Each structure stands twice: as structure tokens, then as C-alpha cells.
């Protein structure tokens with residue numbers, strides 16, 4: 001009965017986590033569509049300090065969609081292990097990228113498509129190998145977990161490292177080193193996920209009619225969550241304001257998810273009940289998602305499609321052989337002559353520049 005109940009909760013958590021990604025990914029598209037409509041109307045844009053978007057129903061639809069996604073994500077932690085829920089958050093990035101190519105005319109290049117495919121495959125592998133039994137079902141059990149010496153040491157180290165980064169390292173290197181602010185967000189995020197996990201369990205007990213509000217742990221978790229989330233938002237906004245979003249997003253995902261997996265392993269000891277092949281599968285799926293997110297973001301401004309691939313391969317072959325097409329070959333094929341001449345001239349100019357010759361000028 002307990003095993004059946006565990007699988008049932010696992011499926012609910014999985015559906016909630018995937019629904020959260022769909023809602024959150026779609027919310028960015030709705031908000032962007034609303035802002036673009038305002039720009040076409042000539043209203044003052046949000047980046048210039050305008051607030052006309054408050055009168056746009058598409059923007060409000062995006063806000064409600066994001067709220068629904070966050071609620072679903074919150075509920076998912078009450079049913080499924082954090083080892084599963086947190087990495088699946090990457091799907092919101094994929095949903096946003098795919099929908100933007102359809103509704104915002106933002107082209108998804110070959111690297112992005114491969115990245116989406118890898119992230120989906122990695123998520124599938126993680127779902128297959130994730131722990132499926134929920135060990136903590138009450139606040140009393142959660143309080144025992146939080147009092148475990150291993151977690152106390154981990155939480156203490158997280159707080160100490162965060163304080164050092166905030167008050168010592170941040171003022172000196174935060175403006176130049178991208179890892180400073182992102183590390184603060186990530187390690188604090190591990191504690192916030194633990195708080196969300198505990199509050200999700202409390203909500204389940206509340207619906208079961210138990211006096212959860214009288215339990216001191218509920219209020220401790222709620223206060224800790226507010227502090228952690230506020231700190232995360234503050235330093236994530238600083239990182240996004242200083243550095244490129246395409247760099248911040250994948251790095252934040254990797255460090256944040258790694259911190260959450262570490263915290264989950266120490267707090268809930270999920271890994272102790274997993275077989276070796278499941279552990280390897282979980283890490284393999286996680287690394288596959290990382291590669292997919294990297295390809296999706298790092299090369300999103302590169303205009304490269306399957307149509308460019310044959311031409312690129314031909315150029316690589318020419319460079320490898322160290323030979324250029326002769327002038328006779330170019331003029332012997334009328335349909336290719338213009339393309340050949342276009343390739344010969346830049347090559348000759350480049351060779352002249354490298355040899356220090358002025359004849360090319």
C-alpha cells in the first residue's frame with residue numbers, strides 16, 4: 001500500500017513539475033506579446049519607466065500564468081523528491097524558446113534545436129532514474145531531518161559562505177566576476193528549496209485537518225523562505241543587470257541545481273535508497289540537460305542552420321586539403337563561377353595581409 005501511494009505521489013509531483021514549466025515558459029511569451037503590442041501603439045516602454053503594461057490584458061495573462069506555474073512548482077515539492085522537481089525546471093527554458101520561435105518570430109538555430117532535444121532527453125532520463133518514494137510525510141519527520149547533524153553542518157557552511165560572499169567578496173569582485181552573485185543565489189536557493197519542501201508537506205497536513213498552524217516549524221520555514229527568496233531575487237537581478245543573460249542563465253541553472261541536489265542528498269538521504277544504475281542515470285540526465293541548456297543559450301545569436309552545413313563542410317574540406325579551386329574550374333562552371341570568385345578574393349586578401357603584402361590593397 002505504501003509503495004503504491006509513493007508511486008501515486010510521484011506521478012502527481014511529476015505532472016505538477018511539468019505543468020509548472022509549461023505555465024512559466026508560456027508566461028514569458030504572453031508578457032512579451034503584451035509589451036510588443038504596447039510598443040506598436042506608441043506607449044512608453046517598461047524599460048523607459050513606463051507602466052502602460054498594467055492596462056494590457058496579455059501582460060496580466062502572462063503574470064497569472066507565471067503565478068500558476070509557481071504554485072504548481074510549490075505543490076510539486078510536496079509530492080515528488082527535489083532531485084526530480086528542480087532539474088525539470090529547465091523545461092521552462094525550452095518551452096519559452098520553442099514558443100518564441102512560433103509566436104515572436106525569434107529564430108531557433110540548429111544549436112538551439114539540438115539543445116532542446118538534449119534537454120528533453122536528459123529530463124526523460126532523470127525521470128526514469130529518480131527516486132520514486134517520498135520519505136518525509138509530516139512536519140514532525142521534517143523537524144527530525146532538519147536537526148540531523150549532517151544537514152546542520154551543511155546549512156551552517158551555506159550561511160557562512162553566503163555572508164562572506166555578500167559582505168567581503170561581493171563589494172570587491174561582484175562587478176567583474178560572474179560567479180560571485182550567482183553563487184550567492186544558488187547556495188541560498190538550496191535552503192529555500194528545503195523550506196518549500198517543508199511548507200509543501202505542511203499544506204498537505206493542513207488539508208488533512210491537522211493543526212499545522214500551531215506547529216512552530218511552519219512559521220520558521222515560512223520566515224526562512226521569505227529571507228532566502230528575497231536574497232535570491234536581489235542578487236540574481238544584480239547578476240542579470242551586469243552580465244549577459246545568455247551567460248547568467250546556464251551558469252545559474254548548473255550551480256543552483258547542483259546545490260539543490262547536494263542539499264537533498266544530505267537532508268533526505270534519497271541517494272542511499274537508489275541503485276548504482278539509477279545514480280549514474282540521474283547524473284547522466286543532469287549533465288545532458290546542462291549541455292542542452294548551454295547549446296541553447298551560448299549560441300543563440302549564431303545564425304547557423306542545416307542549410308549552411310553542406311557549404312561549411314565543403315569549406316572545411318578545402319582548408320584541410322590546402323588547395324583552392326583554380327580559376328579555370330571556376331569559369332568552367334557558370335552556375336558556380338560567382339561563388340568561386342567570391343571565395344577566392346577574400347582568401348587572397350587574407351593571405352596578403354598575413355604575409356604583410358600591400359598588393360591586396
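Any Cβ shown, glycine's included, is placed from N, Cα and C.
The structure displayed is predicted, hence computed values, not measured ones.
Taken verbatim from TrEMBL:
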TRANSMEM  12-30  transmembrane segment
TRANSMEM  57-79  transmembrane segment
TRANSMEM  85-104  transmembrane segment
TRANSMEM  111-130  transmembrane segment
TRANSMEM  150-171  transmembrane segment
TRANSMEM  178-203  transmembrane segment
TRANSMEM  215-235  transmembrane segment
TRANSMEM  247-267  transmembrane segment
TRANSMEM  279-299  transmembrane segment
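Here the transmembrane segment (247-267) does not lie next to the transmembrane segment (12-30) in space: the count of CB pairs under 8 Å, restricted to residues six or more apart, is fewer than 3.
Taking pairs at least six residues apart, the transmembrane segment (111-130) and the transmembrane segment (57-79) share fewer than three Cβ pairs below 8 Å and do not count as touching.
Tallying C-beta pairs under 8 angstroms between the transmembrane segment (57-79) and each of 12-30, 85-104, 150-171, 215-235 places 12-30 first. Below 8 angstroms of C-beta separation, residues 139, 142-143, 146, 162, 166, 181-182, 184-185, 188-189, 191-192, 195-196, 198-199, 202 of the same chain, each at least six residues beyond the ends of the transmembrane segment (215-235), sit close to that stretch. Listed by sequence, the residues of this chain that lie at least six past the ends of the transmembrane segment (12-30) yet keep a Cβ under 8 A from its Cβ atoms are 58-59, 61-63, 65-66, 68-70, 72-73, 75-81, 84-85, 88-96, 99-100, 103-104, 127.
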